[in-house]
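J.: Mind having a look at this structure? Questions to follow.
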Amino acid sequence: MDQRAITVFEHYWEQLAAGEQGMVREDTLEPLVDVPELAALEVDDEARREALARVAVVKLNGGLGTSMGMAGPKAALVARDGQTFLDVIVRQLIALEERFGARPPLVLLNSFRTRERSLEILERYPQMADQALPLDFLQNMEPKLDAETLAPVTWAEDPDLEWCPPGHGDVYVALAASGLLDRMRAAGIRYAFISNSDNLGATCDPDIAAWMVAEGIPFAVEVAERTLNDRKGGHLAVRRSDGQLVLRESAMVVDDDQEHFQDIRRHQWFNTNNLWVDLDRLDQLLRERDGDLGLPIIVNRKTVDPTRPDSTPVIQIESAMGSAVEAFEGSVALRVPRSRFRPVKTTNELLLLRSDVFELDERWRVVSTIDRGDPTVRLDPTYKLIHDFDARFPQGVPSLRECTSLQVTGDVTFGADVRAVGDVEVVATEPATLPEGARLEGRVELPR
C-alpha cells in the first residue's frame, strides 16, 4: 500500500481514538440557497469541444452488487436493451466523440474483485485502447477495527473479511498514489468528472465542462432538489463560520438534529455524487497537505462478517468523496435535473430502468418516455437477488408507462407483454404466473 494511503488512515485513526465521530451539528450550518442551474448555462459548441478535450471521466466501479446477490461487478449487469452499465457508459463517450470530435478518456476505479471482468467488457471497444490514460486504477484497502479496542480485527474464519475499502473519499488518494493524477495532468487533462458506474444519468455533460473552464471553478458538485424519498440522504449546506460549502451525510447527524436533517424545505439540495474537479488544484492541495485532504471522518459500525450479526463488532473508517467540497476554496454547487441521478441499488430500481418508462436515445442517454414523475416500484423480497429477479421476468419486465405505482407481494412470474395501469398491487398467496398480455389495474389477487 502506498505511504500516502497509510498516512491518511493513521490520521483518521488518531481522530477516532480521540473520540471524533465526524458529526456535523445543525447549529453550525445555514441552508444552501441561490444555486446556479445547468439549464441556464450559456455555452457554444466550440467551448464544449475545447472543454471535452481537457476532461477525463472517472467511474467508481469497485462495487460487487452483493445486495443483489452478484459475485462480480455491478456494472457488468445488463442495464437495458442487452447492454451492461459499462457498455452504455462507453457508448455515451463514443457518441460525444461523434458529435464533438473529442472523447474524454474513461478510467475505472476498480477493486481487485471487479477489475478483470470490467476490463473484459471494455475490450469489446478497440478504440478504448487508444486513449492516453490507463483504463483503470485500484482503490485502497484498510483494516477493519475492533470496535472495543480500535486494533485491527482478526477473523481466522475468513481473513479477507479483516479488510475493507475506505469509502469513495479514497478516490483522491488513489489518483495520486497510482500516479494517475500526474499522468492526467501531463496529458493535458485539467478536469475530472467523477461519478458512480451504476448511475447512467451521470453523463459527461459538455455544458458543465465548458462552464468549469470558463469560470475557473476548482470543484463542483451536482445537486438536485430533495424529495421525501431523499430525506435520509446527504445534503449540501453552508458552514456558518466561514461560508464554505459542506456535505452532511446521514452518518454525520446526531439524533437531536434528525428533524432538521430530514427537512427538505430547509435543506433543499441533495448530493448526486456527480463531481467535477480541477486536477491542478487537487494536486496543489494534496502537496500542501501532505497527501491528506482532511475529509471529515465517517464512522461506520458493522460486524466483521456482515452476514453474521453475532460476529465481532467492528468500525470501518470511511470518507465521502463529496466531502471534498469543503476542501476547495471557491467550490460551488450546480443544480441539475433529476435525470442526472438514476442510480441502481436494488432490483426495484433495475425493474424501472429496464421498463418502457425509459429508453436510450441516439447519444445513449437514459431518457424518460413519460411527462410525469417515475412510478414507484416495491417488489417482494423474492425478487431481491438478480438470479431470482430475472427468472420471474423471462419475457421481459412489464410495461409501466401508464403506471403510477407497482407493488408485488408474493412469488409472481410475469408473462410477456404484461401492462400495469395506475396504482397496481399484485398479491400472491402461493407461486403464481401472470399470463401473456395481462392488464393489471388496482388490486390483483393470485391465484384467481
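Cβ coordinates come from backbone N, Cα and C, glycine included.
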J.: Among Lys59, Lys74, which residue does TrEMBL annotate as binding UTP at the site that also has Gln139, Gly167, Asp198, Lys345?
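T.: Candidate listed by TrEMBL for the same site: Lys74.
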J.: So which one is it: of the binding-site residues Lys74, His168, Lys345, which has the fewest other Cβ atoms within 10 Å?
T.: Lys345
J.: Between Gln139 (UTP binding site) and His168 (substrate binding site), what is the CA-CA distance rounded to a whole number of Å?
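T.: Computed Cα spacing between Gln139 (UTP binding site) and His168 (substrate binding site) is 9 Å.
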J.: Determine the Cβ neighbour count for Gln139 (UTP binding site): the number of other Cβ atoms within 10 Å of its Cβ.
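T.: That number is 22.
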J.: Would you measure the largest Cα separation among Lys74, Gln139, Gly167, Asp198, Lys345 for the UTP site and round it to whole Å?
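T.: Of all Cα pairs among the recorded UTP binders, the widest measures 20 Å.
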